[in-house]
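If you check Swiss-Prot, you get these features:
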- 7-196: domain 'tr-type G' (DOMAIN)
- Asp19, His20, Gly21, Lys22, Ser23, Thr24, Asn136, Lys137, Val138, Asp139: GTP binding site (BINDING)
Amino acid sequence: MTDISVSKIRNFCIIAHIDHGKSTLADRLLQDTGTVKQRDMQDQFLDSMDLERERGITIKLQAARMKYKAEDSQEYILNLIDTPGHVDFSYEVSRSLQACEGALLVVDASQGVEAQTLANVYLALENNLEIIPVLNKVDLPGADANKIKQEIEEVIGLDTSNAINCSAKTGEGIEDILEAVVSRIPHPQNEIKSPTRALIFDSYYDPYRGVIVYFRVISGSINKRDKILLMASKKHYELDEIGIMAPDEKQVDELHAGEVGYLAASIKSVADARVGDTITLFNSAAKEPLPGYKTANPMVFCGLFPTDADQYPDLRESLEKLQLSDAALKYEPETSSAMGFGFRCGFLGLLHMEIVQERLEREYDLDLIVTAPSVIYKINLNDKEQIFIDNPSTIPDPQSRESIEEPYVKMEIYSPNEFNGTLMGLCQERRGIFVDMKYITTDRVTLIYEIPLAEVVTDFFDQMKSRTQGYASMEYHLIGYRKNDLVRLDVLINSERADPLTSIVHKDKAYGIGRGLVEKLKELIPKQQFKIPIQASIGSRIIASESISALRKDVLSKCYGGDISRKKKLLKKQAKGKKRMKAMGKVDVPQEAFMAVLKLNQ
């Protein structure tokens, strides 16, 4: 396998927005080069998780090695490295771009350039990749290739005179793409003599062999008898096997600079082989790791609780297993008086959170309650100390803190300009600060806002899509913390604080949200034998209150007629019982009530 010269290797990836046909195009390339036999072919071949196929998104990276005989009758090795297109996974994208020399920029010929595509194109340009524009879905009746070419030139500044028109569905233009990959993407640098360095661009957990690491050799070579060192985690391993993905794993003896492959070395967890880490040889280690490694930090937090308390050990076990294959997931145990035992989990973003939740429910058969998502707040205490908190119910009381700062993001929204008004309205409702508005083409516009992350993580994305009939797309990145007039809003049920419903809100919005919460709870909590007050409070001040009236048992039903003093005695006894009940009684809030309130539009 390794007698191929570096000049015959091409490493490339596909950059595309969700739904622009990236996975279908990858299927066609695998099929046309004969990498996957016709009978084994299934749609979205590289998307190995059911969830990926269903949602039509790529979550975990995959890689495939194809052999292609070009028109110059030379045989080339093409390594396709698949990338996720969603904003939550931008770090994963940046690393897979580092493993390539070129990229196919796939744009739907009926829809045009979208926000996440743009973000990834800029990442590719930063990594000096050769970009080949490809217009997909040209067979659709609504496709207008020339208009989209012009848009790519105006928005990204790429020359589209030699852009390729293709339809991954019908197979038109696939040959042209393969030829372009060979002729336009540069071959890897020939650094076989330098010290060995390889970049990890993906890893997954295999229950039998431990972590399988996908890597690209940047310089030097790796032999299956070598002992390797991972430079960021400082751990060393004996190799069990190395090989290539074609696209099923195939063992080889050695991989040289420029090649892409996998290795297994009985690595216990994905956290030991982090994406972006550098592999080198234990005996002759490289001096410097490859640049750009950073640990992915969670931005969104929420509590996960099993609906059935007996499932707590199962939840813990399944989170441990998930973390083996998802290094960005963080979790720690948490207890709540209302929900019992559960975990506080950190995610890269909302999509990541939904996917983890869905995988827990689907792959591990758990029934979960998820508390409202929150972000990391910076609390400035009176003694000038700063603390970071991701759980609103643990924020100190107003007397002991000076101010609360919250993370802000810079957001770019791309949309047809007829939706301008409604999008600007949405951003203003979410406390966004207008920065700029640019017309990309005569009918497409970019809105740039600075907006608190907490306002984005609830349901901003859904709102944006529904207000623009699905045409708008967005991408955002953190720009730092800012002070705001924020307060902790507590919900008290029968004078006891319900932790899962605690949230941090802006002072101006506190009354509206508090009012909504208590009204919703009043509908949902069943009546008890005594009166239950439900209150929303900021500190010690109650800002909204409702009460659920008591159920009344008719204690007089058995005295027909009879003496009035007998009736008074029974009523007095009942009143006394209710008073005792109110003091002793606990209100059992059904979990449906929590669920409904958490779904209540933020």
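The backbone N, Cα and C atoms fix where each Cβ goes, glycine too.
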Could you tally the C-beta atoms, other than its own, that fall within 10 angstroms of the C-beta of Val138 (GTP binding site)?
20
Among the binding-site residues Ser23, Asn136, whose Cβ has the fewest other Cβ atoms within 10 Å?
Ser23
Using DSSP and three states only, what is Val138 (GTP binding site)?
coil
Assigned element (helix, strand, coil) containing Ser23 (GTP binding site), judged by DSSP:
helix
Average pLDDT across the domain 'tr-type G' (7-196)?
74
